[in-house]
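Peer 1: Pasting a structure here, questions to come.
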Amino acid sequence: MEPAIVTPPAFHSTVGSHLARRLVEVGVRDVFSVPGDFNLALLDHLIAHPQLNLIGCCNELNAGYAADGYARSKGIGACVVTFTVGGLSILNAIAGAYSENLPVICIAGGPNSNDYGTNRILHHTIGLSDFSQELRCFQAVTCFQAVVNNLDDSHELIDTAISTALKESKPVYISISCNLPGIPHPTFVTDPVPFTIAPKVSNPEGLIAAVEATAAFLNKAVKPVIVGGPKLRVAKAQHAFQEFAEASGYPIAVMPAAKGLVTEQHPHFIGTYWGAVSTSFCGEIVESADAYVFVGPIFNDYSSVGYSLLIKKEKAIIVQPNRVTIADGPSFGCIFMADFLTALSKKLKRNTTAVENYRRIFVPQGLPLKLEKDEPIRVNVLFKHIQGLLSGDTAVIAETGDSWFNCLKLRLPENCGYEFQMQYGSIGWSVGATLGYAQAATNKRVIACIGDGSFQVTAQDISTMIRCGQKTIIFLINNGGYTIEVEIHDGPYNVIKNWDYTRFVEAIHNGEGKCWTAKVRTEEELTEAMATATGAEKDSLCFIEVFVHKDDTSKELLEWGSRVAAANSRPPNPQ
């Protein structure tokens, strides 16, 4: 009698290992986390993947900001927190990523699957047997929510969440019950089929009609201009924008939130269009044009300087990621930005009239007044020196505040990165975002410009930067308060308790890792500190505290603040 053939049981993967593989597959190599009892088993599976690095952050808010910064460089970011206490702490950062159209995978360890549908009260909740508060909060700031408390549909939920984040370029929320990460299931094969995201295809007839109507509008204009907007990123249309600019011959401006998305070394680049606080001569050229093409714009109260832009709808072509609107009409849907710009490039008559007008009126920017020996340093002198640090191997992170306006005046070399959070404007964002961006962009040295008030919100994760061996240069601008808010509406609440910032960082450093600090009060001290940061301490995290007068602000902030204040204080409409 022949022996029976025994078939070995099939090996099946687990929820945790499948999630780890999917994250690696879409480009994530670092996951920012804060451990908690509901996510510990899941973290074990993430760190088990050889291509995934787990970075522990000091708090959930910074973990979320770090995933935001990482996504700006890598195209996608991920963070892991525990149930409710972690989830609600990270919520503000995820809301910011939603506003900025960044695909961030926010993963929360959830309750044991057996607790769903019972009357049990769990810790880390608000004390109700219905513990869906976290999910309901995330529904408002993510484009998809997956609650994985059943193995049968866990594969589908995880894959749908990650693919939706990539397709929509928005954050998603995945909650995984704490007892499920290590359990095998037949739906998880050892080598999952790779993701393929179906490409977006424009409506062919609509595309032809939109291109013909736009070309007819622009070809009869005398001095048209192009203005790039922040949605160039979400539309993945930067190359097509460059192609359109080359073919048209028009001047190229960018909206403030699009700085860094368009090369500033193009001969037709004229600066940042921001209404009354535009780069010198840029606003005049844009607002005097008889046709302007806004590509991926966001018009809000901040970007419009309190709704004061002198832009007329009948002269504007608005190109959004999936729609084109020409003046007061017509409007064409199912038209994708990159397809449209590429097709339009082939139909335009080259027109350099507005470029020539710009060159006639342009006067190079003046230099700051020379400081006397030992005279206190001024902000404009600081940024003159920061300009000299920039190259294609650097990236600038600008914190919410006067750094917005000072950094926008920097002329970016080719391939120099640039990021700031214009739409959401959450103070403190830059510390976590600098951590995440530097972790992703290992080929660049990050230069972060952070005000003292913002730094106090999220300062702890300087610790994580040192732990990760990052070589960022941080300029901490110490002017004693919330300067941007002073210029909108002053009051005693805008004055903060001063810290000894360098000693704070030195305490965090505590002799572990590479970190160097300096205090700067004069131009001589600044040049010496910069020489050290780029020389002897080039492999260290360099923290340079710069003392400036509390009223030393950019002229742009003064103008912008007064206009935003006027917009904020509009009286109620008559009933």
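Glycine too: its Cβ is placed from the backbone N, Cα and C atoms.
Whatever TrEMBL says is automated annotation, not expert-curated.
According to TrEMBL, the protein carries these features:
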DOMAIN    14-119  domain 'Thiamine pyrophosphate enzyme N-terminal TPP-binding'
DOMAIN    211-327  domain 'Thiamine pyrophosphate enzyme central'
DOMAIN    421-546  domain 'Thiamine pyrophosphate enzyme TPP-binding'
BINDING   Asp452, Asn479, Gly481  Mg(2+) binding site
Peer 1: Which residues, sitting 6 or more apart from Gly481 (Mg(2+) binding site) on the same chain, put a CB under 8 Å from its CB?
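Peer 2: When sequence neighbours closer than 6 are ignored, Gly481 (Mg(2+) binding site) has Asp452, Gly453, Asn494, Val495, Ile496, Lys550 within Cβ distance under 8 Å.
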Peer 1: Other than its own, how many Cβ atoms are within 10 Å of the Cβ belonging to Asn479 (Mg(2+) binding site)?
Peer 2: 22
Peer 1: Using the centroid of the Cβ atoms of Asp452, Asn479, Gly481 as reference, list every other same-chain residue with Cβ within 8 Å of it (recorded Mg(2+) site), in sequence order.
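Peer 2: Everything else in range on the chain: Gly451, Gly453, Ile477, Asn478, Gly480, Tyr482, Thr483, Ile496, Lys550.
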Peer 1: What is the pLDDT of the domain 'Thiamine pyrophosphate enzyme N-terminal TPP-binding' (14-119) when averaged and given as a whole number?
Peer 2: 96
